[in-house]
Amino acid sequence: MAHLRLTNSLVSPLPNKLVPFSSQSIILHHPLFFAKPKPLIRFTRRTGLPLVLAAVGQAEPNRLPQTHVPQVITEEEDDLPSKSQHQGSQLKNRVVFGLGIGISAGGVVLAGGWIFATALAAAVFIGAREYFELVRSHGMTEGMTPPPRYVSRVCSVICALMPLFVMYRGHVDVSVTSAAFVLAIALLLQRGSPRFAQLSSAIFGLFYCGYLPSFWVKLRCGLAAPALNTRIGATWPILLGGQAHWTVGLVATLITISSVIAADTFAFLGGKAFGRTPLTSISPKKTWEGTIIGFCGCIVTSVVLSKIFSWPISLLSAIALGVLNFFGSVFGDLTESMIKRDAGVKDSGTLIPGHGGVLDRADSYVFTGALAYNLIKTFLPLYGERKKNMFLNHPDDTIAPSVCVNLGWFFPLRD
């Protein structure tokens, strides 16, 4: 029987067994071909043509040519170095500018008075401008009619004047009522057809960007009773105000701001480490695990600082202050996230590198100032001080009545 030469080194006799492969082809097999890689002989029938003999050779693996296979790099893998560099730069900016803002804010809070009110008014003006830009964004205008630009500018100016008005007059209720009335008149007398959405968004802007932040002035500068139990005040330089500089308002402001920072920091770290369950669809990155850890961190910070500043004296008062600060922080953050979600933007602005806008940085503080002030004024007698400790460092009877008159509290003096 004749043999077919398939390669130069591999010769195979014609097989003696036919195994059908399909209706169009059959493959010839030989028992010797099962030991090693085997050549195949395939007969293929084509329509209208005679039988064609096709020989297919299967080479041995060690005889395959060693060719270099290029590595395929996807676009995502190609962008990984640039993404990591961008994230590293963003984190650096966030840390640097965050520390700068923290140190500057601490100095402004310690200074108090008109310095504090003026700095707050500047931040309120920028935040109000960012708010009305969000209202005018494409995502908002699809479902509502934004207020005219001149109304937005006037509202921003009014919001900035509210903290200054509180510093000068001691209250803000009259200014808010008057501003809302003037705003309603301006919207009703505008050209075209006035819309209720214009009025509601503008009034909420006055409330959210002006009225609520003004409580920080009432908290820092309005609670002027001296925190006499604070040990830091006893060593505070006389040139900087001495012990009288450390008022209940200063201590309460420092505790409130520190508690909010602790809540945000612990919630972020806890969410990164243990976050599994989403908190709400408004902010998908927030988790229940991070929120619980932030809650505990906020209360612990409030209690620890109350021991350091010796105010408030009651542990229950310190815990209540921490709880209110936490919920004010969370819902302030979620409120701003809801506004940005409807506007279809990630950040309210680009003023602060690594942080976004002023609203992105201050959203957790919008409600906390009002909550802390009302808690202290309503539920903490004598602003958290004890009567017998109030005049511990001032045994002279001439000092006690003056302090009582300033506080508006009249009670018999006894040990």
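Note: Cβ is positioned from N, Cα and C throughout, glycine not excepted.
Summarising the annotation, TrEMBL assigns transmembrane segment to 96-129, 174-189, 196-216, 246-269, 290-309, 315-334.
Scored by C-beta pairs under 8 angstroms, the transmembrane segment (290-309) has its highest count with 246-269, from the stretches 196-216, 246-269, 315-334. Within its own chain, the transmembrane segment (246-269) has Cβ neighbours under 8 Å at 102, 105, 109-110, 112, 216, 219-227, 230, 232-233, 236, 286, 290-291, 293-298, 300-302, 305-306, 309, 311, 321-322, 325-326, 328-330, 333, 364-365, 368-369, 372-373, 376, 383-385, counting only residues six or more beyond its boundaries.
Fewer than three CB pairs closer than 8 A are found between the transmembrane segment (174-189) and the transmembrane segment (96-129), and contact between the two stretches is not assigned (pairs 6 or more residues apart). Note: the stretches the transmembrane segment (196-216) and the transmembrane segment (315-334) are not in contact (fewer than 3 CB pairs below 8 A, sequence gap of 6 or more).
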